[in-house]
Ligand SMILES: O=C(O)C1=C[C@@H](OP(=O)(O)O)[C@@H](O)[C@H](O)C1
Ligand SMILES: C=C(OP(=O)(O)O)C(=O)O
C-alpha cells in the first residue's frame, strides 16, 4: 500500500504552476462489476481487460469465487473468469464492503442459486436501503428477507427464477433496476421489468447494464418508457475491454480547469458511455458554471462539481440530488460540512438541494481546514481539488479512495502535486 493510502491525513499543497501532463483514470467501476458478474454467469471462459482493480471490484471477485467461479487476476488490469453457467451457494455470508453495485447486483443474482445466500456489507452498507429490490424479488417469487430494509439480506433460492412481470421503484437507486435486468436472462421464460414511478436515478446506468448484457449474449427489449422485456437466453462467455472510469475522469477535468492546465486523460469526453461524462461540459464552463445544475443524471460527479462551484464566479444550486443522501455517506451533508469548514457560509443544505455560495477569493487564500471524508472516496477526491489552489487543506482518511481509484494520490503526485501524508 502506498504511504498516501496508509496515512491518517494528507495535506494537499497548492500548485505553483498549472497541472500539465498525462494522467489516465482507471477502468470503470460500473462496467467492471457488471462484466465480472455476467462473465461468471456464462458457461466458459471470458477475458476482461482495462478493468478496475479496487476495493469494489475485489469484493465482487471474492464473492464470485465463493460461489464456485474461477476469477484469475492475469495482470494489473485484466481478469480471466471461468464458470459453468450456475453459481453455487457460498458457505459463508458474502461480505461486499460498501460496494453498492456488488451488493445490489448479487442480491438479485443470488435468487438463481440453489441454496441460501447472505449478502452483507460494512457498517456503511448496512445503512444503505435495499428494501425496494427485496420487495420486487419477493413479488417475483423469491424467498428473501432484509429485516432492517438494508443489508444483510438473506436469499433462499431454489435455483429457479420464474417467468413473469416484476415491478420496481427505481427512484432511490437505478442499481435495483440493473440488478433485476441482469438476473432476468436466467429465468425460465420471458420476464417483463416495469418501473412503478417515472423516476429513476441515473437512467444512463441502465443503458450501461443493457450494453453489458448484450456483450455477454443477452439483452433487454425496450417495450415502452420504463418497461423492458428480457428473454431467457442465459449468458455467453466473451472477451471485453472496459473503458476508463468517467467519474474518476471528472477529478482530472476539474483539476485541469481549476489550475488552467492541460491534462491528457487518454479518452475524449464524448467517447465515454457512462453518465458522469456529461459533467465534462459543465466543468468546461467554469468559472461561469450555471446558477442551477441538475445532478440527477450524473450523481457521482456532483461532489466534483460542488467543490468546483466554490471557486465559480456566481453561486450554484444543485437540484435532483436527493439520492446523494444514501450513497457511501450522506453526500449533501458531507459536501456542505466540508465547504463550511473551508469558509463558514460557503454552502447550505436546502431540503435535498445544495447551494454553493461561490467565493473566488478562496483561490490563493490560506485556511485551516481538516476535511472529514466520512469514509467516502468521492468526498476525499473532490475536496483534494480545493487544496490545489487554497493553502491549508487536509484530507482525513485519504485511504478511502481505494474504493474506486486506489492510485488517485499517486496520479496527482505524478502531475506534480505536493502531498504531505501524516499519521
Ligand atoms: O449502476 C451503477 O454502476 C451505479 C449507479 C449509481 O447508483 P444509484 O443507481 O444507486 O444512484 C451510481 O451512483 C453508482 O456509483 C454506480
Ligand atoms: C455511489 C457510488 O458507489 P456504489 O453505489 O457503487 O457503492 C459511487 O461510486 O459514488
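Any Cβ shown, glycine's included, is placed from N, Cα and C.
Keep in mind it's a predicted model, so treat the numbers as computed, not measured.
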Practice problem: According to TrEMBL, 29, 30, 34, 173, 174, 175, 323, 327 bind 3-phosphoshikimate; identify which of 3, 300 is listed for that same site. | Solution: 300
Quiz item: Which one of these binding-site residues has the most other Cβ atoms within 10 Å of its own Cβ: 29, 34?
Solution: 29
Quiz item: Taking every protein chain shown into account, which of the binding-site residues 128, 378, 403 has the largest tally of Cβ atoms within 10 Å of its Cβ?
Solution: 378
Quiz item: In Å, how long is the longest CA to CA span across 29, 30, 34, 173, 174, 175, 300, 323, 327, which the record gives as the 3-phosphoshikimate binders?
Solution: 21
Exercise. Measure from the Cβ of residue 174 (3-phosphoshikimate binding site) and count the other Cβ atoms within 10 Å, all protein chains considered.
Key: 24
